[in-house]
Amino acid sequence: MRQSGRKSNQLRPISLELSPLINAEGSCLIKIGNTHVMCSATCETTVPPFLRGQNQGWITAEYGMLPGSTSQRIKREAALGQQGGRTQEIQRLIGRAMRCVIDVRKLGERQIIIDCDVINADGGTRTAAITGSYVALHLAIRSLMKKRVLKVNPLISQIAAISCGIYKGEVILDLDYLEDSDADVDSNFVFAGNGNLIEVQGTAEKNPFSEEQFLAMLKLAKGGAAELFKLQNQVLLGS
């Protein structure tokens with residue numbers, strides 16, 4: 001039995017608040033248990049130098065954790081003068097994932113910047129950021145099409161992400177911080193709307209894991225992602 005009382009295949013309570021930020025083209029506050037991430041999507045009429053003159057766009061991402069988001073205050077990376085390796089890894093993951101579900105050729109020479117700010121961290125911040133960022137991106141595209149900045153919808157697919165791991169010998173879904181910090185295996189799965197995989201990250205923290213255990217995690221994660229896709233659709237169709 002998990003300390004939270006959840007079943008092995010049970011997600012934490014989830015909510016998606018649409019458009020909490022009034023200035024961004026799209027924004028979403030995602031809450032998965034006690035992990036809360038503010039996600040926004042902003043459009044700029046510039047592209048990276050390597051894309052200039054090619055009439056196609058780009059999506060990039062930035063990720064950060066507020067100082068009070070964890071039990072011990074995190075120093076602002078701006079004050080330190082450089083980003084940490086974890087921050088760079090996560091924002092690259094988010095950017096890669098978002099580029100998999102959008103046709104950047106249909107953006108024209110525009111760049112959409114995804115910003116993910118962790119307000120409260122209790123495990124699974126990167127997966128929450130990806131799931132919330134899709135909603136923010138969807139709203140941004142909707143806004144740009146309404147303003148006729150974009151003529152064609154460039155979105156190809158939904159995207160959602162969830163963590164899965166092996167904790168005390170049991171395969172479990174959506175690890176919170178206590179589970180994550182003591183897990184035998186910690187993995188993250190990023191899915192497209194049709195169930196195909198976009199990215200998998202898996203690490204054995206103590207002992208190697210078997211192919212059978214990996215497939216069990218994949219199955220559990222796929223079921224969790226299906227629930228996330230359903231929630232995304234519900235909130236977006238209702239907005």
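For all residues, glycine too, the Cβ spot is worked out from N, Cα and C.
Model, not experiment: these values are computed from the prediction.
Cross-referencing ARG86, ARG99, ARG148 against the phosphate binding annotation in Swiss-Prot, which names GLY124, THR125, ARG126, picks out ARG86.
Within 8 Å of the Cβ centroid of the phosphate site, not counting the listed residues ARG86, GLY124, THR125, ARG126, the chain contributes ILE90, VAL118, ALA121, GLY123, THR127, ALA128, ALA129.
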